Amino acid sequence: MSGNGVSVEKNPPVKLPNEPVITPQIVAEHGLSPEEYQRVLAIMGRTPTMVELGIFSAMWSEHCSYKSSKVWLKKLPTKAPWVIQGPGENAGVIDIGDGQAAIFKMESHNHPSYIEPYQGAATGVGGILRDVFTMGARPIANLNALRFGDPAHPKTRHLVSGVVAGIGGYGNCMGIPTVGGETNFHAAYNGNILVNAMTVGIAPTDRIFYAAAAGVGNPLVYVGSKTGRDGIHGATMASTEFSEDSEEKRPTVQVGDPFVEKLLLEACLELMATDVIVAIQDMGAAGLTSSSFEMAAKGGLGVIVELDKVPMRETGMNPYELMLSESQERMLIVLKPGTEEQARKIFEKWELDFAVIGHLTDTERMVLSWHGDIVGNIPIPPLVTEAPVYERPWTLTPLPAVLDAASVPVPKDWRASLLALMSCPDLASKSWIWHQYDHLIMGNTAIRPQDGDAALVRVNGGHKGLAMTSDCTPRYVQAHPETGGRQAVAEAWRNITAVGARPLAVTDNMNFGNPQKPEIMGQFAGAIMGMAEACKVLDFPVVSGNVSLYNETEGRPILPTPTIGAVGVIEDIAKAVGSRLTQAGLGIVLIGETQGWLGQSLYLREACGREEGAPPPVDLAVERRNGDFVRSQIALDRVEACHDLSDGGLLVALAEMAIAGGTGMEIAQPAGNVVPSHAFFYGEDQGRYVIASGSADDVIEAAHAAGVPAVLLGYSGGASLVVRDLLSLPLSDIKAAHEAWLPGYMSATE
Amino acid sequence: MKARVHVTLKNGVLDPQGKAIGHSLNRLGFPEVGDVRQGKFIELELDETDKAKAKARLDEMCRKLLANTVIENYSIELVG
Amino acid sequence: MKARVHVTLKNGVLDPQGKAIGHSLNRLGFPEVGDVRQGKFIELELDETDKAKAKARLDEMCRKLLANTVIENYSIELVG
Amino acid sequence: MKAAVLVFPGSNREGDVAQAIELVTGRKPQMVWHGDGDFEKTDLIVVPGGFSYGDYLRCGAMAALSPVMAEVKKRAAQGVPVLAICNGFQIVTEAGLLPGTLMRNAHLKFVCSDVHLKVETSQSLFTNRYQAGQVIRVPVAHAEGNYFADQDTLKRLEDRGQIAFRYCAPDGTVDGTGNPNGSIRNIAGVFNETKTVMGLMPHPENAVEPMFGGSDGKALFEGLVEALT
Ligand SMILES: Nc1ncnc2c1ncn2[C@@H]1O[C@H](COP(=O)(O)OP(=O)(O)O)[C@@H](O)[C@H]1O
Ligand SMILES: [Mg+2]
C-alpha cells in the first residue's frame, strides 16, 4: 500500500466476485431516494460499488445524518460557562468544579428492543456506556426511560420483562449502578416501545478524549470484540447476493457481551492514563463506517482501511459486511506513531482483540482495501457537506381548549380515587423494575430510586454529589407539543432542584413518529421550541442528545416523547434531601400556585376515562423563582423532605412521601382557598413543590418575602394520610395498592 | 412420555458464553479446542401418550417460551 | 472432530430454572407438563482425530471446568 | 491489618470492598490480579463481588481455576483468613473452599435490595463485633445467591456452627419472608470448619456509611481489624 493514498486515489475500485449490478431496487432497499442517489453519482463521478453504496446509505440514514431534525436541533441553546463540550461529540461534557467534568448522554434503542427485548435493551445500555467512556470518563450511573404499550396488549408483559432483564443484565455486569428512570404505559406505544438509556460519567477536565483524528500516517487501531454479521440492516438483501454462505441470509440481532465491555472499559481507561491516544471513537450505529468516517472528517484528513486486517468472527465475510456490521463492544483509536506495542500490551492483558487496520492520510478520501485491492474510494468532505438536509413541511398542533374543572366530576369516593391513582400503571411503584438493577454498586448512591425526585450519586473522593433524572410527560406533548416540551425540561429542572442540587445541563432523546407527515414534524418543531425556551430561561443548556424518528406502525405514531435527561450538582452531599417523610411533627408546606389544572391530568384519565383539554401551562419565570427558593431553603437546612408535584398532583405527591418514609400526616385545603377540592388535590399545575419542615413558619415567611406562594397544609404524624373532611387512609393500604400493581401484572398470564 | 429439547443459538449470532468457555479451555491447557457454542437442554415429563400430539404441543411450547426464535433454533426429541 | 457435551443436574439437586419453566408452561396452557429439568448443551470443535484420545481429553475438560461434579452429571458424544 | 483484594476479569465490587477496608483501617489494600499466583503475604484475603468471566458457564467456575486461586487455597489451608463476598462466595465454593453451591435465584431475577440478616454466632474472626441473634441490615445484589447443599452437608454445617448469617424479617424472625433468593434454610453466609474462611452473598462493604446504605456492615471489617492486628 502506498503511504499516503495519493496514487491509489485514481484507481477505480476493483469489483468483487458476485458483485451485483446496482439497480433502482437495490438503491431503494438501501433507503436512498432517487434524488439522493443522484447526489451519490455526482459526488463519485461514477457508479459506486456495493460497499460504497452501503456507506452512503448508512451515513445518510436518518440515524446518522439527522437529515430531518438538523434544522430544528440548531435552535436548542447549547452554551453556558460550565459547558466544556456541547452536542457533536460522543457525549456532552460539563465542568462540575475541582478539575472534574461530568460526561453524559442519552440514546434510544427502540426498534431493536421491540424485536428482541433482552438483547435490544442490553446493547442499548452497552452503546451509551461506550459513548461516555470513549471520552475518558468512568461511568458512575445509568438511567433508563421506558415507554410500553397498553398493559392489556398481548405483547406488553413480554416486552417489559425482556427490556428490564436486558438493562439489568448489561449494567449489573458492568458494575455501573442504575439509579433512576421512568416507566410509562400507553396504547400509543403498542407497536413501538421506547427504550432510552442514559449514562453519566466523570473525568478529569484535563483528560478528555475526542474523536477528531490528527497526524498523517498515524496508525488506526481496532480494539474490542471481533466483527460478525450483526445488525447489518436494510442491507439484508445485499448480503443475499453477496455472501458466500447461504445460511447467513437473515437479519441478525446484535447480541451484547457485557463481560467484554467491562474489559474494554478497563483497558481503555488504562490506555487513556498513558499518553498515546490521538483520537478515539466507539463503533456504534453503522459501526466501522461511521466511526472511521467521523474521525477522518473531524480531523480534515483521509484514511486507508485495510479491511482484511479487521478481526473477524465468521468466515467468508466481505467488505460490505465488515463496513456495515454493528457488532458490539468495539472501538477505533488513532495512536501516536510508534506506540502500537505499548497499546497492544494493555489490550492483550485484558484479553481483547487489537489490530492495526490502517492509517491516516492527507487525501481527504476514505480508501478501503481488501487483500491488496482497492474496493472502495470515497471523497470525505462532500459526503458530509452534500449530505441531504430536509426542511420538512410542518404544521403545529393547535392548543386545545382549556378544560373547566367544573366539568370534571368530583370523586364519589375519595379513598377509592386515590387508591386507583396510586395503583394505575403510570403511577404504581416501579420497584419491581429497579430492584432488578444494581443501584448500589460503587457505594456512592445517596438517593436511591423512589427516595427522591432525582437520584443522587457521590462523586468519588469528595463531598460533591451529582443529581440526575429523566423526565417527559408524553400526554402533555401530544396535546400541545410546545407546552409539553417546556414542561419536560421544567420537570427535569425541578426534580434536580427538589433534592437540593443546582441543575446544570440536559441531554435529550427525541422520540417521534414519521417526520414526513407534517403533523408529526409539527410535533417535533413544537417540542423543540418549547424545550429551547425552557432551556434558555432556566440556564439549562443541551449538551448532547439523540433523535429517533419513524416510531410508528401501520400509520399509528407513538405519543411524541422528547425525553429529557438532566444532571445537577450539589457541593455538599450531606445537605441533600429526599422525598421520604420520616419524622412526625413537621409542617407540610405547599410551594407554588394552585389553580386546579385538570386538563390532561391523570385524574381525568384514570378516574374519569378522559384524555382531553390543554395541558398545564408552564410559566418559566415562576418555575425558576420557585425552584431557586426551594433550593435556598434546602441549603439553609430548613427542609427535611421535598417532593415536586407532577403526575397525579398534590394528593399523590403527599401519599408518595408518606408511604416512602412510613410517616402519615393530617392536612387540609387551606381555609379560604376557593379551588374545587378535586382540582386542588389532583390538578397538575406546574412549578410546585411540597416540603416538610421543622421550621415551616420561617419557610413561609421567607417565601412571601421572595414573592413565592407558600401555604401550610398541616403536619406530619400518625400512620394514616388524613385530609380533613375528605379522606383518611392507612398508609399500609396506600402502600399495598402502590406496590402491588406491577408485580401482580408481571406474574399473571394472559 | 419424556421429551428432550435442545435450544441453540442460530448461526452467526454471537455466543458470549461459548466464546468465554473456549477461551478458558485453551488457557487451562486444552489448545485443541476451537469454536465452542453453548445451548440449553431441557427435559420435560409429559402427560400425553400420542406422539404426534406431543410433538405439536412441544413445538408450541418452544415457540412460546422455551426458545427465543429471533436468535435461537430448537429441536425436539421424544423419548419413551 | 466435533463433540457434544450434555451437563445436567444430579437427581436431588434443586433446579430453580427447571421448576420455573414447568410452572410457566402450566400457566401458559400446558397442563400436561410435569417435571422439567434444565441442563446445558455444549458443542465443541476439536483439533484431534483420534476418538479415544478426544474422549479422554473431553472427560478431563468436563471434570475440570464444564461440569461441577458435586452437583452435575455430564455425558460426552463425538460427532464426525 | 494488611489485606489483599483479588481482581478477576469481570470483578466489579473490588473497589467497593477496598474502599470499606480503607475506611476502617486507613490503609489501601493490595489489589491482586488473577494471574498473580505469588502475591505478597497478607493478614486477610478478600474475594470480591462481580461477574468474573461474565458469570458464563457457572458463576465463579472459571475464576476458581485461576492461578491466584490455587495460591489462595494453599494459604487458606495454612489458616490465612479468606472473606468471600457474592461472586467471591461463588468462586470459593467452586474452588472447594466452602461446601454447597449457589444456584439461580428461585424467582430467576437479579435482586438488588436491602435485606435483614440474623447473626448466627459472634465466635469468629468475621463476626466478633456482632452479638449472636443480632439483626443487621445490608444490601444484596445478585442473580445466583440461592444457597444449596445436600441434607448431610447442611446437618454438618449446623451441628458445627458453620452458619454465619441467615436471612430474616426485620424483627429477626427466620422464615421465608426475608429470604430474597430461595436459599435453603435461609442461609446467607457460611464458614469453613475452622471458621477462617467465610462466604456470604450480602454486601457488608456497601453498608459502611450512614448516608450510603447504612452502616451495619462496618462492624464486620472492624472485627477483622481487631482480630488480625
Ligand atoms: N425504568 C426505571 N429504572 C429505574 N428507576 C425507575 C424506572 N422507572 C421508574 N423508576 C424510579 O421510580 C421512581 C418514580 O418514578 P417517577 O414516577 O417517574 O418519578 P417522578 O414523577 O418523581 O419523576 C423514581 O425514583 C424513578 O427513578
Ligand atoms: Mg418528580
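Quick reminder: no glycine exception, Cβ is built from N, Cα and C everywhere.
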Annotated companion of A:S108, A:H109, A:N110, A:H111, A:R130, A:Q254, A:E326, A:S327, A:Q328 at the substrate site, TrEMBL, chosen from A:S548, A:S579, A:S601:
A:S548
ATP site partner of A:Y66, A:D508, A:G545 (as recorded in TrEMBL), chosen from A:K75, A:K79, A:K105, A:K575:
A:K105
As a quick check of your reading of DSSP, tell me how many residues in the domain 'PurM-like N-terminal' (A:452-570) are helical, how many are strand and how many are coil.
44 helix, 42 strand, 33 coil
Counting only pairs at least 6 apart in sequence, do the domain 'PurM-like N-terminal' (A:88-203) and the domain 'PurM-like C-terminal' (A:584-716) share 3+ Cβ pairs under 8 Å?
no
What does the structure give for the C-alpha distance between A:E107 (Mg(2+) 1 binding site) and A:G545 (ATP binding site)? Integer Å is fine.
7
Given A:D131 (Mg(2+) 2 binding site) and A:H109 (active site, proton acceptor), what distance in Å do their CA atoms have, once rounded to a whole number?
14
Densest Cβ neighbourhood among A:S108, A:Q328 (binding-site residues), 10 Å radius:
A:Q328
Overall pLDDT of the domain 'PurM-like C-terminal' (A:216-370), taken as the mean:
88
Nearest by CA distance to A:K105 (ATP binding site): which of the recorded positions is it, out of A:H63, A:D282, A:E326, A:Q328, A:N546?
A:N546
Any idea what the Cα distance is from A:N110 (substrate binding site) over to A:H63 (active site), rounded to a whole Å?
12
Distance from A:H63 (active site) back to A:D282 (Mg(2+) 2 binding site), taken between C-alpha atoms, in Å:
16
Alpha-carbon spacing, A:H63 (active site) to A:D508 (ATP binding site), which is rounded to whole Å:
15
